[in-house]
Amino acid sequence: MGSPWNGSDGPEGAREPPWPALPPCDERRCSPFPLGALVPVTAVCLCLFVVGVSGNVVTVMLIGRYRDMRTTTNLYLGSMAVSDLLILLGLPFDLYRLWRSRPWVFGPLLCRLSLYVGEGCTYATLLHMTALSVERYLAICRPLRARVLVTRRRVRALIAVLWAVALLSAGPFLFLVGVEQDPGISVVPGLNGTARIASSPLASSPPLWLSRAPPPSPPSGPETAEAAALFSRECRPSPAQLGALRVMLWVTTAYFFLPFLCLSILYGLIGRELWSSRRPLRGPAASGRERGHRQTVRVLLVVVLAFIICWLPFHVGRIIYINTEDSRMMYFSQYFNIVALQLFYLSASINPILYNLISKKYRAAAFKLLLARKSRPRGFHRSRDTAGEVAGDTGGDTVGYTETSANVKTMG
């Protein structure tokens, strides 16, 4: 297979690429990674896709179907499950790019949407976690204020605002990427109405962070020059938008680290409040409320820690990716990012597993939903206060619920 890196039809002749030669593209594969890396990564990602989609669908169905589960905290978690589902929908496109960075066959719209939806849902998840942590802080450290501020209607409105802010913040990504033809391949009109492939000298020195895939090889066989040029089309940032893309990637990084700082402060204050309140409580209602608070914080802390562990490498990899020009660091960045990609999709798949492991109420509701039992699982009784809210969950203590030690139940 020919390659613009070693072609001799350019006006300046062939020049060596700025990093070691990569295997050429063919009809089956166009990737800088060997099969020994692609196969296990693909297997892991497909497992995450199946587990994540099924788990998040169950979470959304539980919160939508059972009124006991429709609480302020669980409304956030249900919205986060929708965000995770949308993130997981981008996994097949990332797998396609791992195996075949070019040609991109899904059109410019899906090229733009695959990045935009992933970024927008990432922002939405971060904003949801921050808002949920603020609610928990108010419920535990400022309970009187929480009784006034936190209601289901306001939480639903806030969730809509969070989604709007997230999607608007990610809006520039719609214009920063597109289906680009490799600069090293162009169709040049020839004599007698013929056409030929021309190799541009610009192909020898593209920005290293723009495209890590191997140089394209035109399809073998009697394809035309136009078909060979089409083979080089790739979903990637536009060269004219590289500066703006760098800015947006730093915005994305700030979107991660600023909420992380906020979460650290909030959970530090919550932990101090819960620790200082570890004293004998009067009556079963106070004892049940305290256990509900602790269970809620325990679940949310596990979710937040899993989120940080899974997403931190992703953002560190991006920082390395957009700042390195050294070929050895480039190879390190490639393999670091392929691991970070798996952790990124793990974060979108793991929350339902955590809910199932930690929350008895979630397990009971999921068991009832999946087996379609007619009888209500144990503990699924309701009590209402004057506002008509359902008591007994992680969010119930924020709106003036009447709780007892028997009906304090948590989902997460």
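Any Cβ shown, glycine's included, is placed from N, Cα and C.
Database features (Swiss-Prot):
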type	residues	note
DISULFID	C111-C235	disulfide bond
CARBOHYD	N6	N-linked glycosylation site
CARBOHYD	N192	N-linked glycosylation site
TOPO_DOM	1-35	topological domain 'Extracellular'
TOPO_DOM	57-74	topological domain 'Cytoplasmic'
TOPO_DOM	95-112	topological domain 'Extracellular'
TOPO_DOM	135-157	topological domain 'Cytoplasmic'
TOPO_DOM	179-246	topological domain 'Extracellular'
TOPO_DOM	271-298	topological domain 'Cytoplasmic'
TOPO_DOM	321-334	topological domain 'Extracellular'
TOPO_DOM	359-412	topological domain 'Cytoplasmic'
TRANSMEM	36-56	transmembrane segment
TRANSMEM	75-94	transmembrane segment
TRANSMEM	113-134	transmembrane segment
TRANSMEM	158-178	transmembrane segment
TRANSMEM	247-270	transmembrane segment
TRANSMEM	299-320	transmembrane segment
TRANSMEM	335-358	transmembrane segment
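With pairs at least 6 apart in sequence, the transmembrane segment (113-134) and the transmembrane segment (299-320) have 3 or more Cβ pairs within the 8 Å limit; the two touch. It is 158-178 that, among the stretches 36-56, 158-178, 335-358, forms the most Cβ pairs under 8 Å with the transmembrane segment (113-134). In the topological domain 'Extracellular' (95-112), the DSSP tally of helix, strand and coil residues is 11 helix, 1 strand, 6 coil. Less than 8 angstroms from the CB of C235 (disulfide bond) sit R97, W104, F106, C111, S114, V177, G178, V179, E180, each of them six or more residues away in the same chain. The list of residues near the transmembrane segment (158-178) in space but at least 6 beyond its ends in sequence, with Cβ under 8 angstroms from a Cβ of it, reads 75-76, 79, 108, 111-113, 115-116, 119-124, 126-128, 131, 235-238, 241, 244-245, 248, 251, 255.
Most Cβ pairs under 8 Å to the transmembrane segment (335-358), among the stretches 36-56, 75-94, 247-270, belong to 36-56.
For the topological domain 'Cytoplasmic' (135-157), the DSSP counts in helix, strand and coil order read 20 helix, 0 strand, 3 coil.
For C111 (disulfide bond), the Cβ neighbour count at a 10 Å cut-off comes to 20, with all displayed protein chains included. Assigned with DSSP, the residues of the topological domain 'Extracellular' (321-334) fall into helix, strand and coil as follows: 11 helix, 0 strand, 3 coil. Mapped onto DSSP helix, strand and coil, the topological domain 'Cytoplasmic' (57-74) counts 15 helix, 0 strand, 3 coil.
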